[in-house]
There are 4 protein chains.
Amino acid sequence: MESKVRVAVIGGSGYTGGELLRLLSIHPHLEITAVTSREYAGKPISLVHPNLKGFLSISFSDLNMDKITEKADAVFLGLPHKVSVKYVPDLVERGMRVVDLSADFRLKNSELYKEWYGYEHPYPDLLQKFVYGLPEIHYEELKNTKLIASPGCNATATILALAPVVASKVVDSNKFVSDVKVSSSEGGAKPSEGSHHPERQNAIRPYDAEGHRHAAEAEQELSLLAKDKIKVSIVPHAVSSVRGALASAHTWGEVDDMTLWKNLASFYRGRKFIRIIRGNIHPYPDPKYVIGSNFADVGFATESRVGRITMFSAIDNLVKGAAGQAIQAFNLSVGLDEDEGLRIPPLRPA
Amino acid sequence: MESKVRVAVIGGSGYTGGELLRLLSIHPHLEITAVTSREYAGKPISLVHPNLKGFLSISFSDLNMDKITEKADAVFLGLPHKVSVKYVPDLVERGMRVVDLSADFRLKNSELYKEWYGYEHPYPDLLQKFVYGLPEIHYEELKNTKLIASPGCNATATILALAPVVASKVVDSNKFVSDVKVSSSEGGAKPSEGSHHPERQNAIRPYDAEGHRHAAEAEQELSLLAKDKIKVSIVPHAVSSVRGALASAHTWGEVDDMTLWKNLASFYRGRKFIRIIRGNIHPYPDPKYVIGSNFADVGFATESRVGRITMFSAIDNLVKGAAGQAIQAFNLSVGLDEDEGLRIPPLRPA
Amino acid sequence: MESKVRVAVIGGSGYTGGELLRLLSIHPHLEITAVTSREYAGKPISLVHPNLKGFLSISFSDLNMDKITEKADAVFLGLPHKVSVKYVPDLVERGMRVVDLSADFRLKNSELYKEWYGYEHPYPDLLQKFVYGLPEIHYEELKNTKLIASPGCNATATILALAPVVASKVVDSNKFVSDVKVSSSEGGAKPSEGSHHPERQNAIRPYDAEGHRHAAEAEQELSLLAKDKIKVSIVPHAVSSVRGALASAHTWGEVDDMTLWKNLASFYRGRKFIRIIRGNIHPYPDPKYVIGSNFADVGFATESRVGRITMFSAIDNLVKGAAGQAIQAFNLSVGLDEDEGLRIPPLRPA
Amino acid sequence: MESKVRVAVIGGSGYTGGELLRLLSIHPHLEITAVTSREYAGKPISLVHPNLKGFLSISFSDLNMDKITEKADAVFLGLPHKVSVKYVPDLVERGMRVVDLSADFRLKNSELYKEWYGYEHPYPDLLQKFVYGLPEIHYEELKNTKLIASPGCNATATILALAPVVASKVVDSNKFVSDVKVSSSEGGAKPSEGSHHPERQNAIRPYDAEGHRHAAEAEQELSLLAKDKIKVSIVPHAVSSVRGALASAHTWGEVDDMTLWKNLASFYRGRKFIRIIRGNIHPYPDPKYVIGSNFADVGFATESRVGRITMFSAIDNLVKGAAGQAIQAFNLSVGLDEDEGLRIPPLRPA
């Protein structure tokens, strides 16, 4: 039997970190060798992630680069943006495989970090070396990289909804508004006024409605596909569920349903985690039916009366929107099938 | 002391009926004299509406027109569409005041009933005599009518979001998509596969995405305000809460925030149930903060980078979206203040 | 028209404070003259309580005793325990009517503060002057006091469930375990790890299971009724709803249902906020049907096969469990009907 | 490579059936050869279970015993009680391995079917041949049987909470009340008035409070362990979550915490799906942290002041409470490890 790829997780105490651990712990070809947490170093992992009690024998450790890289072939970073950028260059220099789940290496144009994230990116050259970790778009490049910048959840939902129609130009509008409905786990594990249960439950609350950061990466990727400058507006809304995000990407044009269906089917042919949703009982995607899995369910609706087209995409924000997709991309980069360790049916009802 | 206006409720066993009873039971100038229900005739009202135990001494009765109209000055109908239309003409003939909460008398153009509701409207002339019961738009007309067609919930949310910008033409686009997020009580009191708790909870589920019926009334009212043909697409999404609806009405144009704010403030000046939401802590409307009340919280967001404008409106679908608005309109028609019996602060947290 | 009773609220930024403001703002005989908040002094009340936008013209003020007492006849305190006790004696000295919603004046036996709250009560004599503000038990005393210690929510639910059977001794056991299911608003407005939405939603989480503080007041009141030492164990469980608490108070004995029903009916005869729940469709109390109101729905179930008796009581923890009950008790103390300003039907569905 | 065990599922359209399919589809040693559904015969499985789209190539079929048994070594029945009993004897006669998830073969004493289920059991002899499929109690017997009666969810939670203290007699009371909090998926996939989302969400609703059927099997199993007649009262309460059940089994006695802890640790030593919960951050079991998995988290709390002991057990009602446990028991009966195909970490947050 071949040996497993040794993986370290830097920043393992948040929800993304926890989800990485959940999925890595059952991956047949990957092995967790270290999990760091500044706050919980020395403490058992199940103290923070009670679901994992019994699954991991190691404890959280401090972020000691030498120690970590000595026993790992690859490092997944589950850190906030502006923090990841402090550690990644060192890891690159040490020749490690890197999967960064923050926004710090997603954008090719370093100017955009000033505009959207409010900081001057210190390593503009390094940006060019990372592959944007959306396997449905960068399948071949991911097979040939050691550096992966894993996409944001709302960007993933928006790109997967719009990619087929933008790439094929079956919709020739440049007015796209992706109205995203997001669950509370998207906000991370840190409590806040807005995440306080009595305030968050039953909310239907728009936020970042003047411009959501994930538009930057969505525009980068969609423009690449369109070979043209694409503009997308993302308007997220907090709803009551804990997991799942739905992008309803509205645009304008005259396309019949059959053309759209064929467009999706052809664009996503062979992609194992895309399911095209169509039919009478469940006519559109609903994140409820991908919970716990790496699937993105995509679909569409048209209202020819007014020339409105809506492209839908439903994901579990912590799996396809974060940890699952990171592993999917990493699988490709180490020569595994993209769905290795990820052939998990969604939970239902949940 | 003046005598109270005597009110009968036909179809009192659904959620709209129950909400009418809740609000009428504490109205200082209205008195409930009969509540009908085919299914529950003879049974105590609290059997169906356990919250009302102790508030109403009468029981459900059969729909006997003679008996009902004898002891009522006005009739509220909480029936489904196509059913209301069977009873309303008789009530009109008997000289009753009528508030119909179904869709059967909302549209002026009888052709639209064929297109949107699939039936030939049998009383096209009667349609002209009804006033569309949205007091923020038809304030004066409501003071001079005995016949009120109470608006649909998603239409109310969409119209209140868009009315100011459409009426003033500060937004000159004719591309409007109202992405509405709706709670489960919108679907009514009858169980179905889609309303089954394990399926409905945690859903983020688009429905009627090829064309929602409430677009017909929204277009009628917005076109009236614009003195031009306005086209609106309504795309509803079922989310997990029980009460509340948010319309995020997206459109395109170049308007600055101050102009939009002034536009809203001027359009809704003096309207007691409109609250304009703006500021740092709560920048946009959230139905969570109007629960149980007749308020519509309105607001907006612009993303000038891409020329996208979103107009928001948040309501409690059973109050401002149904029973509360019906009473508000009725108040005006009988010479009361529009907020009589409705000065109820929203519940929070809820 | 007689003048209104002027009321100040000290500590108005929490959930109890917000609920007091919601109810006081529509009370026909009470008038809010000041609302203090250390954190928000000078800020509009709707900044903290967005539901109240449009209902209160005053802003939060600092806690200046002279200013507050000058323009108030009564003070409601919505402060945490150990904080209330710092202000109450001064207010008493100034001759104010006081309604304290903290635990600081609920217990007659000052020793219990050491045992349950971990502090030495500095005013043991003052404890004797307060009336425990549960009108269903201390109706007459409340009419003759200026000092009210408003009960805790889980204590209210437990006492109202058990009072009839304990007072009448139809159940002669002294083994009572009140298994309480509580909503998230019970925990107050301050965010914490446990109240973080992704952790709190879908929890069914026991807490304080080694002894919940409200047992102290429940035992005090039940012992008083029984004229005997009663021991009660309260075991609370956090569930997903935002409002509402259900006490399932289990005990042992041989009593038939009719005897129990008569016992409840007789004990609560004339009490306006108690509804006895019994029947086929809704056989037991459910807090869902008292939301937003001051009702306590009570009921019971027996399993004679094993000699188990369960007494149920369902309340809205912020109304009958806090602000509503405080106003109910205060109404009595100023000579008003107990339900003045509180004749509000519960919201349904919610 | 050895061949897989061929498994048929009779009654695969409900939640238990769906969960069986989810788990069987990823089991390395079992293979689904047929799934029946009277209602959906001929339809794709993903029509009913949209989560499983892409996981199963077969469709629902009719219940044709010859065809089914020809291509299966074992049959799992996901049918309602009184229906299962019609098919099981035939399957037994044909020499099939049988795992029945209904109540029809759980009780040894046929008289109890009359008392609790209202029917005369037609095969009292066959009852003796079935092993009650709770591997934590019947580990060895399950290894030597072809006939498994899979336990009820509330019974599983209650038995696992109480088994250690009853078996060891560290608690010598015979007063046990298991206050169970249950999620909506326990009610099955068929919509009803009580499961209608607006009524079910935010409910804290006792049901079957005069005697819940699962008491029969809980008493059977606990009496067996105690070698004495044990009486248990189960009082279920519907709460808002979709998955998960918590049993808080209250009883009386004088036992210190260390003794209880040792008792649990010793009783459950080596049992792979039992996790003993204890500590500061998460002191008691919460079903939230077993969602999607076959774990039962167990724990306890004592209040020595009043002599109250509570034994807790938290399960996912569809996994350890139904489909997962059925597979766990079946694994043993065919010589596999009990956790084969079930080493799935719980989902969190969910």
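Cβ coordinates are placed from backbone N, Cα and C, and glycine is handled just like the others.
Bear in mind that TrEMBL entries carry predicted annotations, made automatically and left uncurated.
Taken from TrEMBL as is:
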type     : residues                                     : note
DOMAIN   : C:6-145                                      : domain 'Semialdehyde dehydrogenase NAD-binding'
BINDING  : C:SER13, C:GLY14, C:TYR15, C:THR16, C:ASN317 : NADP(+) binding site
ACT_SITE : C:CYS153                                     : active site
REGION   : C:182-201                                    : region 'Disordered'
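Counting same-chain residues at least six beyond the ends of the region 'Disordered' (C:182-201), those with a Cβ under 8 angstroms from any Cβ of the stretch are 13-16, 18, 153-154, 207, 236-245, 287, 317-318, 321.
In sequence order, C:TYR15 are the recorded positions among C:GLY14, C:TYR15, C:CYS153 whose C-beta falls under 8 Å from a C-beta of chain B. Counted over all residue pairs in C:SER13, C:GLY14, C:TYR15, C:THR16, C:ASN317, the record's binders of NADP(+), the longest Cα to Cα distance measures 17 angstrom. Under 8 angstroms separates no C-beta among the recorded positions C:SER13, C:GLY14, C:THR16, C:CYS153, C:ASN317 from a C-beta of chain A.
DSSP assigns C:ASN317 (NADP(+) binding site) to coil in the three-state reduction, placing it in neither a helix nor a strand.
C:ASN317 (NADP(+) binding site) sits 5 Å from the residue listed as 'active site', taking the C-alpha atoms as the reference points.
DSSP labels the residues of the region 'Disordered' (C:182-201) in these numbers: 8 helix, 2 strand, 10 coil. Under a cutoff of 8 A between CB atoms, and with a sequence separation of 6+ in the same chain, the neighbours of C:THR16 (NADP(+) binding site) are C:GLY78, C:LEU101, C:GLY188, C:LEU318, C:ALA322, C:ALA323. A 10 Å cutoff on Cβ-Cβ distances gives C:GLY14 (NADP(+) binding site) a total of 20 other Cβ atoms nearby, all chains included.
Within the group of binding-site residues (C:SER13, C:ASN317), the Cβ with the highest number of other Cβ atoms inside 10 Å belongs to C:ASN317. Broken down with DSSP, the domain 'Semialdehyde dehydrogenase NAD-binding' (C:6-145) shows 53 helix, 26 strand, 61 coil. On the 0 to 100 pLDDT scale, the domain 'Semialdehyde dehydrogenase NAD-binding' (C:6-145) averages 97 in the predicted structure. For C:GLY14 (NADP(+) binding site) paired with the residue listed as 'active site', the C-alpha to C-alpha distance reads 15 Å. Residues near C:TYR15 (NADP(+) binding site) in space but far in sequence (CB under 8 A, at least 6 apart, same chain), listed by position: C:SER185, C:GLY188, C:ALA189, C:LEU318, C:ALA322.
Cα of C:CYS153 (active site) to Cα of C:SER13 (NADP(+) binding site): a span of 19 Å.
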